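Report on the structure given below.
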Amino acid sequence: MIRIRFGMDVLLVLLLATCLLSPAHGTPLEWDFAVTLRTKIQFMDSSWQTIATAAHEFDELSAITFDESEELIYFNDMRHQNGSIFSLKRDLVAANHVVEQRIARTGNESVGGLAYDPLTMNLFWSDIEQRKIFFAPIDGSAAPKVLVDLSAEGGRPDGVAVDVCRRKLYWTNSNVTHPTVERINLDGNNRTVIINSTIDMPRGIVVDQLSDRLFWIDDLKGVFFAIESSKLDGSDRLVVLKDKHHEPLNLAVTNDAIYWTDRTTRSVWSHPKVPVIRVTTTSKPVEEDSTDSTDFKDPEPVNEDCPLVRVANLSEEVRGIVVRTGFYQRLQKDHHCASIVRKVKERVDAQNTKFEVRSLQDQKMKILQDERCMNHGEYKPATDLCICPTGFKGSRCEIRECHNYCVHGTCQMSESAYPKCYCQPGFTGERCEVSVCAGLCLNGGHCRASKDEKEAPSCECPAKFGGARCEQNSTEICTLFCRLLKHEPEMYVPFGCHSICEELAQDNSTNIAVPQYQHLEVCLTPKVWTSSVIIILVIGIVSSLLLVAVIVHGIRRLYKPKRPRIRKTFVVRKQARTNSAGDTPLTNRPLATEQCEITIENCCNMNICETPCFDPKLVEQTLSKSSCKEDKKILIHNMEDDLY
């Protein structure tokens, strides 16, 4: 009886735990779409209502992929110092999402696309900077290896997608000079180019296992873009959509629609998968002489019932997108995928058996602990208390602190273990309960909240309303001015009321006066060449010319050649003459053997030319003489032949 009772108790506890842990409809696990914004991952349901957000600790998220077999999301952060690719596990009862580093950072990686193979548990990603495609196991047992190297040929791998059933990898080469869509076996063999014509810059790519087709984004020249499709071998190529003014990056495909992210509008858009234009379809022209119109076929008209639909407006730049497709449930009987799905399930079941409780005693203690302390709380028998994990409170850890805490925002537990709200754009307050536009704009004005939290919201006023809150009715104000002007012609009327007064005067000219502005043409077309402008212009030109003249003069003085050195040589020939009584040492010098040379240098510089040099003795002897002819003889330059 004791064993039977214990077994029944264990069974009841297990049933209770199963009921507590089984996800119900509308719980955070039941998400259908996930997108990567710049600083977080946002989860949405089938109606594109935000369920939760995660990965707030990252700064630059980009690519994302999803493993439906184990409910794991893999994403890339371009600014993380240690890791490059991470995994995120969402749990129904966990306060925070479990994030683990999967691929370490080795340099300045720039991940363009990310894909996952659940059979081999390998991640595949494209590196735009290194121009290579890598792969590595998620358990870190091996270093990343190169699957495709496009650096030598100048390729630029962007989007990547794995065909799990046929064991192939597809990627887009966004090199504008030679864009392609290619594929290769997952073992690195049999590389094939499947699309290389009529394509500009392919970006994101996805394999639709439900329809056995490829879908990719083509960023066309100018402002246009297209979403195209083909069979897995590149045949039967179709243009699903062609539009403009979008900057699409990545896409996801469901059973009946295509979804893509747009950086320009920060939105997610959708369009039916049914193609409307065939690339290879051409119409035969009608010849001028032909009378049979049966040979001419009009091109297929564009389906007007398939417009673009903006399904989500997001607060940040949106980049990657994944969708829950029910791949493993819907492809169990597919002849290409049945064996792969079976192998993946066997692997997942084998992993789950490792976490089963091995002993009955451990199982009993775990059941008692789960029965007393909920949400993984730690039970303390000595004090009969539950130590709750972060994010839960209550005597049994039964209250989730973030439950209904934020009115218009996402709740996350802060580092100090308190709930914190990340408000949606346009809301503020501790719990995001206050709208920044509440009662702000009057008279039908439209409030626009800035994306920058530091900027205040602004009002877009309708016609004939103004002011910071659209509180000023320009028609009523100008009507008062126009009526008063009828009685007080000298009153000032604002310039903006001129057109309103003219409209009112057409219906009621007896009580309305139109202001007459004497210098209206001056206000509308101001004269540029005024007297002050001309004076300033003339002074500037004259000053510029004077400055140029001073510079030229200084340069000429700086580079002016030096005055030449003047040398003059006097040659005195030897003459025989007798010594007279009046000879002195100055007049009767020793004679050279042949002749005597006298050199006078820089005569002009020494003012010799202006003041001639005289022989002192001869001057004394001839002081009494006044003849000019005699004075010339005593000059040095005239004494070459007369002194001896």
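Cβ from N, Cα, C; glycine included.
Note that this is a predicted model, so its numbers are computed, not measured.
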When you check Swiss-Prot, which of C423, C432, C447 turns out to share a disulphide bond with C437?
C447
In Swiss-Prot, C406 is paired in a disulfide bond with which of C397, C402, C421?
C421
Fill in the CA-CA distance, C447 (disulfide bond) to C459 (disulfide bond), as an integer in Å.
5
Of C437, C459, C461, which is closest to C421 (disulfide bond) if I measure between C-alpha atoms? They're all disulfide-bonded residues.
C437
By CA distance, which of the disulfide-bonded residues (C437, C441, C459) lies nearest to C406 (disulfide bond)?
C437
Using the alpha carbons only, what distance in Å do you get between C470 (disulfide bond) and C441 (disulfide bond) once rounded?
6
Among the disulfide-bonded residues C402, C411, C437, C441, report those whose Cα falls within 10 Å of that of C461 (disulfide bond); none is a fine answer.
C441
How long is the line from the C-alpha of C459 (disulfide bond) to the C-alpha of C411 (disulfide bond), rounded to the nearest angstrom?
29
Could you give me three numbers for the domain 'EGF-like 2' (433-471), the DSSP helix, strand and coil residue counts?
0 helix, 10 strand, 29 coil
Of these disulfide-bonded residues, C437, C459, which scores lowest on Cβ atoms within 10 Å?
C437
